[in-house]
Ligand code: PAF
């Protein structure tokens, strides 16, 4: 599989495609798993050409060690993509290729979406995500781009980004892929021991219980119920549990008729931070 490392090389390839081609784009940071493969498969169904980027974006990390420790498995990633289809174009640029010699992010205002949940715990994270995607969208020029609902806040922010930057790309949200136990697939799961991996399924189980109780309990009662369940679990340390409006991502205090709600969790298993969420309505 040919991997393009420069914008010039990638553009040359893309510019040779027939004018009628539609490019589907799956941006990733590598360490690919079946969740990514499912995004790629959806993109392959809906487009004549699919580009997957593999780029560990320095500006979205608020912690240098985390950035350094992020798994880089380009060969395994390329072979997983090769097995999926021989028609995928891989773009794996260097930081200099994307940022030149100024590795900084732009300051965005995503209408407050950036200040909720993940935004409170990972300073500057969404500015970094917005900045790199703005660069990548302009390089790849996709008709559609695919994002997993596991990072639901990111998905809503990307929808806001393309409006702010007036980018002609359709953002497609794809359902969370789960392991048999219910654990949401994530590159970070590879860092869990077998026991941690088994115990982490508790996150999905708690979300499921909250969903089952959604119609007959108040939002504060449901929140207390989830927090209490985590308190009793010695394997996971809860960072936050929130029930929020799916569009504004603002914490919901009481239910409003026909409004879309979702429950969101961030919890640590040892040093590994896991996030998950579930639609409640
Ligand atoms: O979700 C991710 O892997 C990253 O945040 C993304 C969208 C590839 C931007 O670096």
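Including glycine, each Cβ sits where the backbone N, Cα and C put it.
Feature list (source: TrEMBL):
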- 36: active site, proton donor (ACT_SITE)
- 29-36, 148-151, 177, 185-188: ATP binding site (BINDING)
- 60, 154: (R)-pantoate binding site (BINDING)
- 60: beta-alanine binding site (BINDING)
**Message:** Using a 10 Å cut-off on CB atoms, tell me which of the binding-site residues 60, 154, 187 is the least crowded.
**Reply:** 187
**Item:** Under 8 Å by Cβ from residue 149 (ATP binding site), same chain, sequence gap 6 or more
**Value:** 155, 173, 174, 175, 176, 277
**Asked** Non-local Cβ contacts of residue 35 (ATP binding site) (under 8 Å, 6 or more apart, same chain)?
**Response** 148, 150, 176, 177, 184, 185, 186
**Lowest local Cβ density among 29, 32, which the record lists as binding-site residues, within 10 Å** = 29
**Asked** Rounded to the nearest angstrom, how far is the Cα of the residue listed as 'active site, proton donor' from the Cα of residue 187 (ATP binding site)?
**Response** 9
**Asked** Is any of 29, 32, 36, 149, 177 (recorded positions) within Cβ reach of ligand 1, i.e. under 6 A, and which?
**Response** 29
**Message:** Rounded to a whole angstrom, what is the C-alpha distance between residue 32 (ATP binding site) and residue 154 ((R)-pantoate binding site)?
**Reply:** 18
**Prompt:** To the nearest whole angstrom, what is the C-alpha distance linking residue 154 ((R)-pantoate binding site) and residue 29 (ATP binding site)?
**Reply:** 14
**Item:** Distant-in-sequence Cβ neighbours of residue 36 (active site, proton donor), under 8 Å, six or more positions away
**Value:** 26, 28, 52, 148
**Complete:** One should report the C-alpha separation between residue 29 (ATP binding site) and residue 60 ((R)-pantoate binding site), rounded to whole angstrom, as 11
**Request:** Tell me whether residue 35 (ATP binding site) sits in a helix, a strand or coil according to DSSP.
**Result:** helix
**Message:** Counting across all protein chains present, how many other Cβ atoms fall within 10 Å of the Cβ of residue 177 (ATP binding site)?
**Reply:** 18
